[in-house]
Amino acid sequence: MDLPPQLSFGLYVAAFALGFPLNVLAIRGATAHARLRLTPSLVYALNLGCSDLLLTVSLPLKAVEALASGAWPLPASLCPVFAVAHFFPLYAGGGFLAALSAGRYLGAAFPLGYQAFRRPCYSWGVCAAIWALVLCHLGLVFGLEAPGGWLDHSNTSLGINTPVNGSPVCLEAWDPASAGPARFSLSLLLFFLPLAITAFCYVGCLRALARSGLTHRRKLRAAWVAGGALLTLLLCVGPYNASNVASFLYPNLGGSWRKLGLITGAWSVVLNPLVTGYLGRGPGLKTVCAARTQGGKSQK
């Protein structure tokens, strides 16, 4: 399934046009709420917004690259910079969504015990660990195994390959024999692990909702709030990481599905602000947490 270059260009441009204002508004809204009362959820939302804004800024260049059928339009030395700006948020976003889901689950399932550890300083530490983990893992994989890396033994610039047509390509002409295991390791640690955490927390939140005293309407809304993070992981970032697994299992699969996965991943900059903004506004799990906390106090 190979999309026409014009369609890929249009999808990247649309994601940028929608994602940039949405993420700016999300960051401004989270900052305004943080000035009144900083919570762990706001810390995760701020870091997710900054990560998505970095991805959004890289989308115009990705659109130009798609219109040129994958040819790299800038100097070769800028390919590593683009790789960090584009691929780092794709993986870091899953970590922030998993952290946000874990905080919501702990607040709903263990309201009394979680209150003792519900401090923003701990959340900042979690976010710093996510930034460091993703950056170090990406740096090791790209620096060692990418075209022009330490293990590649070629004279090209880092990340740059020149296929038979003579046009330089940034990362997308990577040798499948080395690209498959490298990308699979990234997906395994930085996507499937956060996905498993988010899914577990979603199920736990549903169980907490089933035992709560909320009305049916509020239960439905809270269930949607709890599932927002899981939804964006599956719909946006899931296809890209599925293509990484497929290319690892079948090295000769081709890059068509990867191109489609990169486009769906770009649209996470549109869905993520909607998910975090809705989580911040809705009564959902905050109401559950408050109700269960009050119930715990009344039992004493």
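Note that Cβ sites are derived from N, Cα and C of the backbone, with glycine treated the same way.
When the residues Asn155, Asn241 are compared with Swiss-Prot, the one annotated as N-linked glycosylation site is Asn155. Both Ser69 and Gly143 carry the same topological domain label in Swiss-Prot, so the record keeps them on one side of the membrane. Looking at the candidates Cys50, Cys79, Cys289, Swiss-Prot gives Cys79 as the cysteine bonded to Cys170 by a disulfide. Under 8 Å from some Cβ of the transmembrane segment (42-64) lie the Cβ atoms of residues 8-9, 12-13, 15-16, 19-20, 23-24, 26-27, 30-31, 33-34, 73-74, 82, 85-86, 88-90, 92-93, 96-97, 99-100, 103, 120, 123-124, 126-127, 130-131, 262, 266, 268-269, 272-273, 276, 279-280, all in the same chain and six or more residues away from its ends. Cα spacing between Glu172 (site 'Important for receptor activation') and Cys79 (disulfide bond): 11 Å, rounded to the nearest whole number. Nonlocal intrachain contacts for the topological domain 'Extracellular' (1-8), taken as residues 6+ away from its ends with a CB within less than 8 angstroms of a stretch CB, comprise 63, 66-69, 256-257, 259-260, 263. Taking the Cβ of Cys170 (disulfide bond) as centre and 10 Å as the limit, one finds 28 other Cβ atoms among all the protein chains shown.
Through the fold, the transmembrane segment (80-101) approaches residues 41, 44-45, 47-48, 51-52, 54-55, 57-58, 61-62, 74, 123, 126-127, 130-131, 133-135, 137-138, 142, 146, 158-159, 170-171, 186, 190-191, 193-195, 197-198, 201-202, 205, 226, 229-230, 232-233, 237, 240, 265, 268, 272, 275-276, 279 of its own chain, all at least 6 residues removed from its boundaries and within a Cβ separation under 8 Å. Sequence-distant contacts of the topological domain 'Extracellular' (249-256) (same chain, six or more residues past either end, CB-CB distance under 8 Å): 1-3, 172, 176-177, 180.
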